[in-house]
Amino acid sequence: MKKITAAKKGLKGQVTVPGDKSISHRALILGALAEGITEIENFLVAQDTLATLNCLEKYGVRIERRDTFVRVFGTAQNFSEPQDVLDAQNSGTTLRLLSGVAATFPFVSVFTGDASLRRRPMKRVLEPLTQMGARVLARGQGDYAPFAIKGGKLRGQDFILKKASAQVKSALLLAGLRAEGNTSVTEPQLSRDHTERMLVGFGAKIKREGLRVEISGGQKLLGQKVIVPGDFSTASFFIVAALIVPDSHLIIKNVGLNPTRTGLLTVLKEMGANIQILNFHENSGEPVGDLEVKYSPLKAVEVPPEIVPAMIDEFPILAVAMALAYGESKVRGAEELRVKESDRIKSIVSEFSKMGVAVKELPDGFIISGGNKILGTTVDSHHDHRIAMSLAVLGLTAAGTTEILNADAVAISYPEFFQQLTKLTEGA
């Protein structure tokens, strides 16, 4: 349990957030598949990324880590058969991306995860991998971990996804890297494109036309130096905290600003947020900059479904901004939130309601009437890191103490979150 009290002062000064989780995962995987050595700076050290690292080591990949510096000794796409089950723990990225890799090898890989991950749907990845030629045996009519994959000679396919998903797209591109012929993925909206950018950075040739991306099989990857920017999803908690705590003026340094990730900035600015981008530049193929955020009175907003993929991880913290905004805000087209680490729609509705927020559940989103007094009480993260951090930020504006059960879930992506929040709000 973690106790949060109202912020004693505005959030001021500068803060640096840990390395991007999505890019850290992909740097490990592409480095393992490449020829030569890949060096990763500012690697995110958290439960999810370490799950990927541990799985790769079970494939026989040699990896050296010294704090946030990682050296991966590439295998030139020659993994060894794992002698043990591959445990993705709570990480959907680990499970889905490595499924695409596993489908290319002529041996059996057995995957599992924690109780939460074993409830998350996998058919959206496993079915297309089967169409490419992999053999898959999965629990729950082919939809859930644990599952086994025996790969081999894959055939390139053209896939049209019903829902935009960076994890599904990435798994299919990684499988296509070793398939015969070309593999293409077309999405209804553009999801985050770190995999495409990084494949190019590692020497692969891909074609990108609008919502379609295509990769040809048989390509080699070459080890690279990857400098991981700060994680925008992690920065979002401090962005919203600075917007809602009076007298705040915060600069968040070196944040990844990939346009497929920053839908939250668009929505917050529509709500009246005072956010400026400073020192904009590119690093390892990714746009990066500093964010200057000042306290801002916010007004309600309706989030259009087409922007959902560009902010899929930020809805819990957006809900905090909506709770403090004037008027009625609405989110639609976000049913994907129901199959995250928790059912995030239900988690937002149940826990925010306890704190006095007027929130209504929709099948694919929620409605929040902002402006109610926020009340400190006991709430539950539902073992979801983003729910835990969002409740903590909401607690900064609450009357009384907010007690968060299962707050240790933050270790999944940001183990030092509460220490950093305390420094910013109490001047420690």
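In case you wondered, yes, glycine gets a Cβ from its N, Cα and C as well.
The annotation phosphoenolpyruvate binding site is assigned in Swiss-Prot to LYS21, GLY92, ARG120, GLN167, ARG344, ARG386. Taken from Swiss-Prot, the feature 3-phosphoshikimate binding site applies to LYS21, SER22, ARG26, SER165, GLN167, ASP313, LYS340, supported by sequence analysis. The feature active site, proton acceptor is assigned by Swiss-Prot to ASP313.
Shown here: features listed in Swiss-Prot, placed on the structure.
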residue	record	DSSP (3 states)
LYS21	phosphoenolpyruvate binding site	helix
ARG26	3-phosphoshikimate binding site	helix
GLY92	phosphoenolpyruvate binding site	helix
ARG120	phosphoenolpyruvate binding site	coil
SER165	3-phosphoshikimate binding site	coil
ASP313	3-phosphoshikimate binding site	coil
LYS340	3-phosphoshikimate binding site	coil
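Among the binding-site residues LYS21, GLY92, ARG120, ARG386, the ones whose Cα is located within 10 Å of the Cα of ASP313 (3-phosphoshikimate binding site) are ARG386. Within the same chain, residues at least six positions away from ARG344 (phosphoenolpyruvate binding site) with a Cβ under 8 Å of its Cβ are PHE315, PRO316, LEU337, ARG338, ASP384, ARG386, ILE387. Proximity of SER165 (3-phosphoshikimate binding site) to non-local residues of its own chain (separation of 6 or more, Cβ distance below 8 Å) is seen for ARG124, GLU187, SER191, GLU336, given in sequence order.
Taking only the Cα positions, the spacing between SER22 (3-phosphoshikimate binding site) and GLN167 (phosphoenolpyruvate binding site) is 10 angstrom. When the binding-site residues GLY92, ARG120, GLN167 are compared by Cα distance to ARG26 (3-phosphoshikimate binding site), the shortest distance belongs to GLN167. Long-range Cβ proximity for LYS21 (phosphoenolpyruvate binding site), meaning a same-chain Cβ under 8 A and a gap of 6 or more residues, is found for LEU44, ALA46, ASP48, THR49, THR93, ASP231, SER233, THR234, SER413. Non-local neighbourhood of LYS340 (3-phosphoshikimate binding site): ARG120, ASP384, ARG386, each in the same chain, at least six residues away, with C-beta under 8 Å from its C-beta.
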